[in-house]
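Straight from Swiss-Prot, the features:
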| type | residues | note |
| --- | --- | --- |
| SIGNAL | 1-22 | signal peptide |
| CARBOHYD | ASN172 | N-linked glycosylation site |
| CARBOHYD | ASN416 | N-linked glycosylation site |
| ACT_SITE | GLU447 | active site, proton donor |
| CARBOHYD | ASN627 | N-linked glycosylation site |
Amino acid sequence: MSPRRSVCWFVLGQLLCSCAVALQGGMLFPKETPSRELKVLDGLWSFRADYSNNRLQGFEKQWYRQPLRESGPTLDMPVPSSFNDITQEAELRNFIGWVWYEREAVLPQRWTQDTDRRVVLRINSAHYYAVVWVNGIHVVEHEGGHLPFEADITKLVQSGPLTTFRVTIAINNTLTPYTLPPGTIVYKTDPSMYPKGYFVQDISFDFFNYAGLHRSVVLYTTPTTYIDDITVTTDVDRDVGLVNYWISVQGSDHFQLEVRLLDEDGKIVARGTGNEGQLKVPRAHLWWPYLMHEHPAYLYSLEVTMTTPESVSDFYTLPVGIRTVAVTKSKFLINGKPFYFQGVNKHEDSDIRGRGFDWPLLIKDFNLLRWLGANSFRTSHYPYSEEVLQLCDRYGIVVIDECPGVGIVLPQSFGNVSLRHHLEVMDELVRRDKNHPAVVMWSVANEPVSSLKPAGYYFKTLIAHTKALDPTRPVTFVSNTRYDADMGAPYVDVICVNSYLSWYHDYGHLEVIQLQLTSQFENWYKMYQKPIIQSEYGADAVSGLHEDPPRMFSEEYQTALLENYHLILDEKRKEYVIGELIWNFADFMTNQSPLRVTGNKKGIFTRQRNPKMAAFILRERYWRIANETRGYGSVPRTQCMGSRPFTF
């Protein structure tokens, strides 16, 4: 690497190393209440990529000091969305480095003049590094592409007459061995093959590294003394539901808290006062997963009211599901009853939008999950939007909540620098998602090279840290390492195993699946005596490609492979296998390679959500299992999801 190039990337690294200074404290989902206002900044933003050789021109020329359009040509960029697929420019689709977003807005006069009001800027997802300015003044930086961060901008907007409000966000999608997910920048130095300075981003995960503002950017207000955080855990004592709460208030030490728990009909069923306490709910309605109860996903509302001697008030309402989770040697229990994960793995991925949040797509996906008879999914391989988890709470879809620890394959990615960042990511993930009843387990990684010696200490530390953050949920990671070589498996509560028998090896030989899968399960259980989830399995199928006898990439081969897996899963779920998650719910985009024809085709639905033959095979299976394991009458093919209109 040339000295100049080394200096450029060193400067970039210095900028990025500071990206963990976002607002500390709670991370309650922003919503309108009697004391809080919300302004959503979705829509068209000004956008430009920094194509300079060192990618630092925007910082060197301080693009944030004036409107972005004055720095040079800009594009209209929709937010939320990935920037990659919006234009016809291949250079932008594959761009690595800094891109710049900007949006101007008008604030209500009361926000800028009411000194009893606090104004907060929240970015729900900026992939991967982000630096944020308001009216040219630096307000926050953040590392990590899938979790929200905030900045209190009250002083900026209330410091004097405000004629304009301009938000500038610089985002860098460069991945290093120490990021989550990791990656490397590889320079191609052969002058006979590559132009000077040519580089590519190398990644060890099989999905496209979409980038941009993937979720909403919002402004919201609170009183200057405000409810900062709420933590809820639940338990059951016979037929009495127990709701334990802890509330954090910022801005003053002088306040009173009143807590009310309301049922779905709006009736108050319990009251409390103070920062912490326990609410007892006689004859409680429990939160049950979809297809496990005739009235699944029952949600109470926890209403918190804070008042101060100065007559300042703050209100916040949190949906609460009363349920318990436990793990034995061979069972996963929800409310004391065995639960079988009959579900899918997903991606936040769609045409044009990339990883951008999209309500129509989200509702379509949930309707397909219910049609399928699926009761669960894993957020492979990163945290999904909060709106996804809110719908899971409402619909009774159980979630294995996974952090972006995918592609951890290099020895340096198991060092102290990576571990420190990984611990911070789990802090952020648990802080955001701790109150969702649908979240029943944390996953700290997917397919790490956990046979490496440092992996033992790494996962022991990481899992212990996650358990300390949340003692109420089991912790796992998803492995594709041999059972007798996995250094992290001793520390998980549930074994999650990925295997692609007759796909990535023994190509086309469906006849070996049953023997190999039986051996897989028996070896893992014999060594660890823990329940097992088949966390990934599947085969690529090009929609409309048919071959009989089945051949690879045909829909027939995909269904035949699934059916061979199902024969053994049916045997082992009577013993210690507690779930199966197909890979994947829908086709999704990947990097270009000879092994991928416009992405990964292992979906049982196409990227446009049209079913392949495998979707009908899986639907028949999941509804059969639901009827076999039901604890009440015949399972209806459609279930009502609550009687009250639902708002987030």
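Counting starts with 1 at the first residue shown.
Cβ atoms here come from the backbone N, Cα and C positions, even for glycine.
Look at ASN172 (N-linked glycosylation site): DSSP puts it in a strand. Of all the glycosylation sites listed here (ASN172, ASN627), the one with the fewest other CB atoms within 10 A of its own CB is ASN627. The two recorded residues, ASN416 (N-linked glycosylation site) and GLU447 (active site, proton donor), have Cα atoms 19 Å apart. Spatially close to GLU447 (active site, proton donor) yet at least six residues away along the chain are VAL406, GLY407, VAL478, SER479, ASN480, ASN498, judged by Cβ distances under 8 angstroms. Cα-Cα distance from ASN172 (N-linked glycosylation site) to ASN627 (N-linked glycosylation site): 49 Å (rounded to the nearest whole number).
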